[in-house]
Amino acid sequence: MQCALYDAGRCRSCQWITQPIPEQLSAKTADLKNLLADFPVEEWCAPVSGPEQGFRNKAKMVVSGSVEKPLLGMLHRDGTPEDLCDCPLYPASFAPVFAALKPFIARAGLTPYNVARKRGELKYILLTESQSDGGMMLRFVLRSDTKLAQLRKALPWLQEQLPQLKVITVNIQPVHMAIMEGETEIYLTEQQALAERFNDVPLWIRPQSFFQTNPAVASQLYATARDWVRQLPIKHMWDLFCGVGGFGLHCATPDMQLTGIEIAPEAIACAKQSAAELGLTRLQFQALDSTQFASAQGEVPELVLVNPPRRGIGKPLCDYLSTMAPRFIIYSSCNAQTMAKDIRELPGYRIERVQLFDMFPHTAHYEVLTLLVKQ
């Protein structure tokens, strides 16, 4: 991938950009095999990759500069701003949105937040695009609601320029820290969720729900999990850390009982909406802590699917799964180090199958799917 920002030394986020994709995949595979070296693995599946540029469905832009000349991008460690509107990881459809947002920031009087001075209002611009219909969700992260009336007044102009903006919100983040969003979300549009579709499964994206940033690879990840589950004798499964339900909705069949657990209520609202659309009546989604839910249950499903954040599932849940002993565990991980640590805490299981998904090209990060079978 060619990147003018990297070549000029202005951005170093894609640390592996000079390596061809096959070399990147080899290095990631070697890293994963090294982390799992202590465990016999029955089957290593070929790694899955997608496009090397224009693949991201989300932009998280720090707003800096002045209200007349805002910059959208990031701050270097020394506080120097960098405009990243030309980042080649973004699809071409993002360019006209960034181009319209800059004059809009001036029109609405949204003074960029100055970290050093602790002054200003507009901290971040968060943009998400649906692959299914090109609809977009735009979030303005503000320090307070001081400029809310001005923003509302100026909004019709922006909507006229960008009819693809289906969901527009303001998020209030009052804390002087590098935290992306606060708890308060104010909707400026009637529509509150963005419609997405992977492998004919309807998915919904709401402002405060996690969604994968590489749709091409994420859809293959979900399809692979579905294929693995269909090969197993499963009538009852749990989907823990389920997010908007991507895994569970792909894996479920009409006669399967499935419970999806996620701590974020916004994500659970999305999952329930999808299940209703699919007419799957035996799916239950609940906004709870996954570890607390699991340890409070009496019955044991045949399969537990876990998709934890980077910290992994942790010893308490590993201990409980070991005691409960479901026949199968599918572990989807964005941090193979913590996954390997968790597998060490599950001595009653063997690794049947592992597959690497290159969700984050040009970086050392990757996603991995692992099938564990009770010994």
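Heads up, the Cβ atoms here are built off N, Cα and C, so glycines get one too.
The active site, nucleophile annotation in Swiss-Prot covers Cys334. Annotated [4Fe-4S] cluster binding site per Swiss-Prot: Cys3, Cys11, Cys14, Cys87, in sequence order. As annotated by Swiss-Prot, S-adenosyl-L-methionine binding site applies to Gln212, Phe241, Glu262, Asn307, with the evidence given as sequence analysis.
Glu262 (S-adenosyl-L-methionine binding site) carries a strand DSSP state (E or B). Between the candidate recorded positions, Cys3, Cys11, Cys14, Cys87, Cys334, the densest Cβ environment within 10 Å is the one around Cys87.
Under the DSSP three-state reduction, Gln212 (S-adenosyl-L-methionine binding site) is assigned to coil, being neither helix nor strand. When the alpha carbons of Cys87 ([4Fe-4S] cluster binding site) and Gln212 (S-adenosyl-L-methionine binding site) are compared, the span between them is 19 angstrom. Per-site Cβ counts within 10 Å over the binding-site residues Gln212, Asn307 peak at Asn307. Cys3 ([4Fe-4S] cluster binding site) falls outside any helix or strand according to DSSP and counts as coil. Excluding Cys3, Cys11, Cys14, Cys87, which define the [4Fe-4S] cluster site, the same chain contributes Leu5, Tyr6, Ser13, Ile17, Leu84, Pro88, Leu89, His362 within 8 Å (Cβ to the Cβ centroid), listed in sequence order. Cα of Cys11 ([4Fe-4S] cluster binding site) to Cα of Gln212 (S-adenosyl-L-methionine binding site): a span of 23 Å. When the binding-site residues Phe241, Glu262 are compared by the number of other CB atoms within 10 angstroms of each CB, Phe241 has the fewest. Note: the S-adenosyl-L-methionine site is recorded as Gln212, Phe241, Glu262, Asn307; in the same chain, Phe210, Cys242, Gly243, Val244, Gly246, Phe247, Ala267, Pro308, Ser332 also have Cβ atoms within 8 Å of that site's Cβ centroid. Taken residue by residue with DSSP, Cys87 ([4Fe-4S] cluster binding site) is part of neither helix nor strand, so it is coil. Candidate recorded positions: Cys3, Cys14, Cys334. Nearest to Gln212 (S-adenosyl-L-methionine binding site) by Cα distance: Cys334. If you compare Cα positions, the residue listed as 'active site, nucleophile' sits closest to Asn307 out of the binding-site residues Cys3, Cys14, Phe241, Glu262, Asn307. For Phe241 (S-adenosyl-L-methionine binding site) paired with Cys14 ([4Fe-4S] cluster binding site), the C-alpha to C-alpha distance reads 28 Å.
Counting in whole angstrom, Glu262 (S-adenosyl-L-methionine binding site) lies 37 from Cys3 ([4Fe-4S] cluster binding site) by their C-alpha atoms.
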